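Per TrEMBL, these features apply:
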{"type": "DOMAIN", "residues": "4-352", "note": "domain 'Isopropylmalate dehydrogenase-like'"}
{"type": "BINDING", "residues": "96, 106, 134, 223", "note": "substrate binding site"}
{"type": "SITE", "residues": "141", "note": "site 'Important for catalysis'"}
{"type": "SITE", "residues": "191", "note": "site 'Important for catalysis'"}
{"type": "BINDING", "residues": "223, 247, 251", "note": "Mg(2+) binding site"}
{"type": "BINDING", "residues": "281, 282, 283, 284, 285, 286, 287, 288, 289, 290, 291, 292, 293", "note": "NAD(+) binding site"}
Ligand SMILES: NC(=O)c1ccc[n+]([C@@H]2O[C@H](COP(=O)([O-])OP(=O)(O)OC[C@H]3O[C@@H](n4cnc5c(N)ncnc54)[C@H](O)[C@@H]3O)[C@@H](O)[C@H]2O)c1
Ligand SMILES: CC(C)[C@H](C(=O)O)[C@@H](O)C(=O)O
Ligand SMILES: [Mg+2]
């Protein structure tokens with residue numbers, strides 16, 4: 001069966017790293033992968049062309065695709081748009097919500113070659129392999145009521161942090177199953193000392209635990225979890241948490257691996273359809289300078305092959321190609337240690353493709 005892959009480059013460095021992903025997809029096709037690749041607009045680019053960060057045409061194409069690859073959206077050019085619904089980021093959130101992509105997997109895995117690029121001492125991160133399972137279609141990002149309104153003579157801004165039991169259970173099961181396949185440890189991160197919604201979160205996780213007797217469940221408050229991540233990150237195997245805590249903790253975890261430019265992600269729905277994207281944003285500070293690290297995007301292609309297309313061998317081939325490029329000492333600026341020569345986005349893409357061809 002031919003799989004349809006939708007490529008959404010987006011904004012800022014999005015198109016630069018998406019170009020490297022497109023070359024990698026072509027190499028996979030040449031190696032026998034049966035896919036059809038189409039491109040569409042999302043985010044600021046879509047707003048500029050159609051006045052809408054998620055045009056109906058893009059959403060229709062996304063719904064029809066087996067998998068979606070997204071670069072990044074947003075940037076200062078669109079930050080002045082007063083109507084939040086028209087901001088680039090809402091295009092991304094709209095895709096997640098409309099496709100029901102509730103299960104966000106963010107693996108923070110250290111390539112040993114990058115130990116000296118980590119923000120922690122090498123001995124604290126050697127062998128680091130954490131999977132953050134972030135709930136992606138609920139929580140404070142999508143809660144009602146929300147808005148800015150006049151109260152007692154001043155404006156008040158508010159969002160609502162809401163989770164239903166079924167939403168918690170659904171992401172809990174993804175996390176328990178993930179822990180079963182990995183190190184059998186699951187840490188659920190909440191703020192149950194303060195927020196009722198996360199008291200319910202904790203209760204549901206506890207209720208599920210007896211169904212997964214081989215998994216050791218623990219709980220941690222999010223403030224402590226942030227501290228523990230940078231103190232002793234190897235204590236974690238799988239971490240499950242809500243939308244906003246997961247957003248923040250995954251950026252922090254990224255630095256343990258050397259750079260946010262190394263962190264891919266998968267966002268899955270109940271039917272196995274997925275959207276794959278680096279965890280980072282559009283990096284306006286380096287956009288257009290051929291400086292962005294394309295590896296998170298290229299590793300997102302590997303996650304797509306593994307989670308949506310069932311092509312594990314080819315996924316491993318990409319991951320091995322990345323490893324061999326790092327073995328050769330090739331580094332974009334974000335992952336270079338002092339004194340190392342750096343290469344640009346295109347050259348890093350060339351190197352991964354050459355290594356992929358040799359695998
Ligand atoms: N998934 C997404 O599309 C996504 C994710 C996060 C932020 N954003 C958006 O991106 C814009 C910029 O946000 P931000 O600056 O807070 O976060 P960011 O992730 O874009 O950048 C943070 C820092 O990391 C660096 N960086 C990020 N990706 C890199 C890469 N591949 N290689 C090298 N360096 C990299 C940037 O140069 C910057 O210094 C905002 O509009 C934000 O809403 C989008
Ligand atoms: C751009 C933004 C909506 C997004 C999020 O907050 O989920 C991003 O930070 C991410 O981590 O994917
Ligand atoms: Mg984020």
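Just so you know, glycine gets a Cβ as well, placed from its N, Cα and C.
Location within the structure of each feature annotated in TrEMBL.
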| residue | record | DSSP (3 states) |
| --- | --- | --- |
| 96 | substrate binding site | helix |
| 134 | substrate binding site | strand |
| 191 | site 'Important for catalysis' | coil |
| 247 | Mg(2+) binding site | helix |
| 285 | NAD(+) binding site | coil |
| 291 | NAD(+) binding site | coil |
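Of all the binding-site residues listed (289, 293), 289 has the fewest other CB atoms within 10 A of its CB. Taking a Cβ cut-off of under 6 Å from any atom of ligand 1, the binding-site residues 251, 283, 285 reduce to 283, 285. Secondary structure at residue 106 (substrate binding site), as computed by DSSP, is strand.
Proximity to ligand 2 (Cβ under 6 Å from any of its atoms) holds for these binding-site residues out of 247, 251, 283, 293: 247. Among the recorded positions 96, 106, 141, 223, 247, 281, the residues whose Cβ lies under 6 Å from any atom of ligand 3 are, in sequence order, 247.
The Mg(2+) site is set by 223, 247, 251; from the centre of their CB atoms, other residues of the chain with a CB within 8 Å are 222, 226, 244, 245, 246, 248, 249, 250, 252. Over all protein chains present, the Cβ of residue 251 (Mg(2+) binding site) has 15 other Cβ atoms lying within 10 Å.
With a 10 A radius on its CB, residue 281 (NAD(+) binding site) counts 21 other CB atoms from all the protein chains. With respect to residue 223 (substrate binding site), the closest of these binding-site residues in Cα terms is 281, chosen from 281, 287, 289.
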